[in-house]
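Feature list (source: TrEMBL):
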type	residues	note
ACT_SITE	K33	active site, proton acceptor
ACT_SITE	Y250	active site, proton acceptor
BINDING	R129, M298	substrate binding site
DOMAIN	229-351	domain 'Alanine racemase C-terminal'
MOD_RES	K33	N6-(pyridoxal phosphate)lysine
Amino acid sequence: MRPLNARIRLDNLRHNYQTLKQIHGGKMLAVIKADAYGHGAVRCAHALSNLADGFAVATVDEAVELRESGITNPIVLLEGVFEATEYAIVDKYNLWPGVGSQWQLEALIAHHWQNPVKVWLKMDSGMHRAGFFPHNYTSAYTALKQCKHVDSIVKFSHFACADEPDNGMTEMQLEAFDLACEGLEGEESLANSAAILNVPEARRDWGRAGLALYGISPFGGVDERLKPVMRLTSRVFGERVLQPHSPIGYGATFYTSKSTRVGLIACGYADGYPRRASTNSPVAIEGKRSRIIGRVSMDMITVELDASQEGLGAEVELWGDVVNINEVAEAAGMIPYEIFCNVKRAKFTYSE
Ligand SMILES: *Cc1c(COP(=O)(O)O)cnc(C)c1O
């Protein structure tokens, strides 16, 4: 069998959840949209079900998949519904819909609810992507408050630049949010991973942890408080020695400068490894750091072996404990979020 494995350490996931909840205080949503950032939403949800105050997903389908697998924790739909008819599913499965636009609000009020609903009312505090403008927020809030099926309202907003510690945008968004919420009772939620870790004023009733839940710092580099959940590994299945001045791979973009032992590993961009992370991107061979040489192909990657590293059969970590996915992201000009979401074709295994 092809030796590409994505090992998902659920104990690390639980550790990260508890760490983030403790840093933030209050309650914490585990954000498991997009199949838990490529980690497997159902497995991750079950690993967290006796800890998590709630889960957050992006679509009704994602929420229903969790419910049908037996998850009973609260589930927030971060973007709400995409058409009015979905409120029937929200009602049936007892989901907490985000409401971030006028049509969602009107359709929610018009829906014939069987059960009381908890609404997450989104404010556009400055990101200008979704949510009610601050000057329209009170009227949206009041309209919901007057709807007898609405059981409570959580006021929430999202930061554009929380992962940039010196960006004044976060402070401006905080101010806009607090000003517009004056006099409106109810719980609040502002912090994504970056704000949970780095913006104490953003810690309110509910945090919303995504990337950091998977053990990865939203600031680049490594955060020692977090433990990476995914470890993507493969094995050397080919080995050769190349003379100096030999090209390697597509485009002949890399030439050896000396006699070089090259290992061929089973992983490529068809598995979601970024093609742009070619020569010099880090890997760890049997725990020892080395690098990719030449271009990443669809199914294969060539790496530099040194004399002390084993050849055929050696384990190669693409990211996990020695190589942080933030290093790969930087080499590729990407963010770790998109790399996680791209992982496929690997064999996923889960450890408790
Ligand atoms: C995805 C998402 C989050 C989680 O963000 P991270 O940076 O991964 O922690 C939080 N809030 C909202 C509204 C989101 O869409």
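Any Cβ shown, glycine's included, is placed from N, Cα and C.
Location within the structure of each feature annotated in TrEMBL.
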residue	record	Cβ neighbours (10 Å)
K33	active site, proton acceptor	20
R129	substrate binding site	10
Y250	active site, proton acceptor	13
M298	substrate binding site	11
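K33 (active site, proton acceptor) carries a helical DSSP state (H, G or I).
A gap of 18 Å separates the Cα atoms of R129 (substrate binding site) and K33 (active site, proton acceptor). Cα of K33 (active site, proton acceptor) to Cα of M298 (substrate binding site): a span of 27 Å. Cα separation, Y250 (active site, proton acceptor) to M298 (substrate binding site), rounded: 11 Å. In terms of DSSP secondary structure, the domain 'Alanine racemase C-terminal' (229-351) contains 21 helix, 49 strand, 53 coil.
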